[in-house]
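What TrEMBL lists as compositional bias 'Gly residues' is 344-353. The domain '4Fe-4S Mo/W bis-MGD-type' annotation in TrEMBL covers 14-69. For 344-366, the entry in TrEMBL reads region 'Disordered'.
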Amino acid sequence: MTYSALAAAPPDTAPATATHCPYCALQCAMSLRPTPRERLPVAVAGRDFPTNRGGLCRKGWTAAELLATPDRLTSPLLRGDDGELRTVSWEDALDHVAARIAALRAESGPDAIGVFGGGGLTNEKAYQLGKFARIALRTSRIDYNGRFCMSSAAAAANRAFGIDRGLPFPLTDLDTAETILLLGSNVGDTMPPFVSHLQGARARGGLVVVDPRRSTTAALTADGAGLHLQPVPGADLPLLLGLIHVVIAERLYDEEYVGRRTTGFAALRRSVAAWWPERAAQATGVPADTIRSLSRRLATSGSTYILTGRGVEQHADGTDTATAAINLALLLGLPGTPGNGYGTLTGQGNGQGGREHGQKSDQLPGYRRIDDPAARAHVAAVWGVDPELIPGPGVPAVQLLRSCGRQGGIRALLVHGSNVVVSSPHVQSVRDALGRLDLLVVSDFVLSETARMADVVLPVLQWAEEEGTMTNLDGRVLRRRRAVPPPAGARSELWIMAELARRLDAPGTWDVEPSRVFDELARASAGGPADYSGLSHELLDAGEVAHWPYPADGESTPRMFAHRFAHPDGRARLVAVRAATRESPRGAQLSLITGRLLEHYQSGAQTRRVPELTEASAELVAQLHPATARDRGLRDGDRVRIENGRGSLEARVGVSGNIRPDTVFLPFHFPDDQSVNLLTDDRLDPVSSMPEFKHAVVDLTRVDRARA
Ligand SMILES: Nc1nc2c(c(=O)[nH]1)N[C@H]1C(S)=C(S)[C@@H](COP(=O)(O)OP(=O)(O)OC[C@H]3O[C@@H](n4cnc5c(=O)[nH]c(N)nc54)[C@H](O)[C@@H]3O)O[C@H]1N2
Ligand SMILES: Nc1nc2c(c(=O)[nH]1)N[C@H]1C(S)=C(S)[C@@H](COP(=O)(O)OP(=O)(O)OC[C@H]3O[C@@H](n4cnc5c(=O)[nH]c(N)nc54)[C@H](O)[C@@H]3O)O[C@H]1N2
Ligand code: SF4
Ligand SMILES: [Mo]
């Protein structure tokens with residue numbers, strides 16, 4: 001696409017637009033300066049802001065490429081009888097979608113229509129999508145990709161604290177920490193400017209990273225900056241139980257805090273009684289002495305933070321593992337104590353706000369529960385409908401996708417902001433399920449792998465073309481601003497929802513103006529756990545620093561839990577959890593762990609379209625230890641087949657001493673037959689419904705060059 005639309009746009013001297021990066025939850029501040037005579041419509045510069053301090057990572061620097069991507073969608077597409085996707089008018093596309101939805105709903109009931117949202121959507125779009133599902137489609141079947149991301153961390157925080165805000169303190173509080181325990185997070189690659197907040201702890205020798213790989217972040221512990229623990233994949237829970245055992249056995253815990261601010265200590269103590277360090281060492285591969293000395297360091301350091309990332313959360317026992325991390329933090333008296341804390345690092349751009357406003361199957365705006373009669377009455381009044389009209393809880397993401405095309409399941413699916421045929425667990429089953437649908441409608445700005453399967457593709461706006469708000473990793477609400485006009489032919493999702501709602505004779509009002517949708521969201525959230533009722537675009541534009549809860553009669557809440565937790569009795573819950581046995585490799589098998597590379601974002605739908613990033617990382621590479629490679633006669637660059645009972649793929653070998661010999665690492669950014677999710681399991685965490693993304697057992701064999 002040429003950016004001819006910009007010919008009529010601002011001259012070189014036009015002011016830059018202050019906004020935030022399109023990608024991750026750090027939401028680095030950037031300014032976009034119009035460059036009408038250049039190939040790209042804007043020039044990106046870092047902007048000073050507490051999370052990034054002017055810095056950006058390589059993805060942020062190159063984000064303007066997304067605005068000029070040659071295969072940008074600029075017209076709706078409809079699949080014809082011959083199976084080809086063809087350009088159609090908006091009228092025809094929307095008429096078709098509404099008519100098909102109405103017909104399928106008449107035949108099979110409203111729960112035959114499903115909605116799949118995303119944590120990259122603005123608060124306004126996420127809110128409207130939840131409302132659209134409940135009262136325009138009248139379906140309970142809505143969930144979103146945050147189920148694959150933060151659900152275990154969120155479930156653990158809700159259970160322990162009664163509320164879930166990723167970081168319940170400003171990120172900059174970390175700057176003065178003495179000790180930071182970072183479990184399963186690789187911010188060095190996933191949020192590079194975050195590293196500046198680790199420097200204080202590094203200078204004091206107190207950065208402790210737990211990762212089966214010597215990741216970019218683990219390498220930051222070198223030269224006396226801290227400690228890297230390299231456990232067996234999936235063994236974080238026994239490791240934490242061992243640490244808790246020592247903290248209790250050596251009476252290192254904060255008795256006064258535990259007595260005054262928590263419940264459940266006796267049961268917790270019993271549950272870890274048998275996890276003496278030698279047993280934890282056997283289960284994890286981390287030496288018993290290290291477990292002892294780390295417990296002591298955490299307890300005696302003056303300023304301690306415990307943080308978790310996806311490496312410990314994306315497991316079928318992810319909620320219990322995150323819970324164990326919280327138990328450790330509570331025993332040490334960290335949450336709510338100045339200079340100390342516990343938190344989890346939200347991932348997607350609006351991963352925090354995206355899980356507060358009603359995209360989740362069991363949720364209404366303001367982080368309310370959909371089965372709570374008072375919450376239903378409040379939200380129904382804002383929506384101008386009878387509470388009876390709002391459906392009950394639906395089903396979480398994996399069940400929702402599995403039910404597509406099955407008897408009694410979903411027949412039409414609307415996808416907004418996720419590339420599920422790359423990023424879902426056991427992805428072949430999801431591809432099969434989507435193939436069985438009567439109607440798949442994908443809203444995206446590029447033809448993602450999921451959009452390629454759709455019956456109808458609706459081209460939407462992207463970051464620098466739209467107004468809205470995002471809530472970043474420390475719960476701060478930020479303004480996303482429009483810097484360039486969208487291409488003719490693309491439409492906002494608020495408009496698409498309004499048009500479909502009208503065609504479906506939906507009750508309620510369907511605003512298309514983001515600031516007005518925000519005002520409605522604010523009213524709907526009033527009195528809920530995630531209360532935005534004191535906020536507006538106007539206030540944010542005036543420069544207000546706004547961490548939620550921000551009630552109408554209150555102010556920003558940068559730090560939570562100073563005096564009470566959100567449970568009715570004000571106390572946090574210590575929850576006793578048990579380590580389960582898990583599948584481990586036998587013989588020549590390896591543990592597969594999955595995660596991210598610096599250069600790519602998620603399913604890669606966006607970053608694989610940025611030339612500089614694709615050149616830096618063009619194909620799937622399997623990180624393998626030199627000893628493992630040698631044993632199998634493999635060299636750097638060789639091709640291998642990696643397989644298990646669920647699937648099989650080929651990758652190139654990247655030999656690296658940074659991984660355990662019993663483990664292979666693959667990123668999930670590549671599509672089709674390079675998708676690592678061909679190998680992952682959709683076994684679910686019983687509390688959060690998080691799938692087992694981070695660990696699978698695989699066979700790895702060399703691909704015979706003669707036949708390859
Ligand atoms: N470059 C880039 N940045 C991103 C994203 C991206 O796709 N690309 N995505 C954003 C999103 S949505 C998210 S959720 C965040 C995720 O951010 P992170 O949580 O930092 O990312 P991951 O790479 O998924 O996992 C972190 C680490 O977990 C380790 N790991 C794997 N298995 C285990 C285990 O069993 N135990 C332990 N302790 N560690 C394990 C991996 O080796 C990896 O180094 O990143 C955000 N930022
Ligand atoms: N094996 C393995 N699998 C994983 C993970 C892992 O660590 N390992 N991580 C999981 C995690 S943490 C996450 S968050 C998921 C993410 O995986 P996905 O949900 O697939 O995330 P994205 O690739 O960001 O997909 C977003 C899609 O929406 C489009 N898009 C972006 N913004 C908008 C918008 O505003 N509106 C609309 N309609 N579309 C938009 C993009 O172009 C893209 O096609 O993957 C999960 N899958
Ligand atoms: S760290 Fe995240 S928000 Fe910052 S520039 Fe990189 S991708 Fe964008
Ligand atoms: Mo994520």
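Along the chain as shown, the residues are counted starting at 1.
Glycine is no exception: its Cβ is also placed from the backbone N, Cα and C atoms.
Across all of the domain '4Fe-4S Mo/W bis-MGD-type' (14-69), the predicted model scores a mean pLDDT of 97. Sorting the compositional bias 'Gly residues' (344-353) by DSSP state (H, G, I as helix; E, B as strand; all else coil) yields 1 helix, 2 strand, 7 coil. Secondary structure counts, DSSP: the domain '4Fe-4S Mo/W bis-MGD-type' (14-69) has 10 helix, 16 strand, 30 coil.
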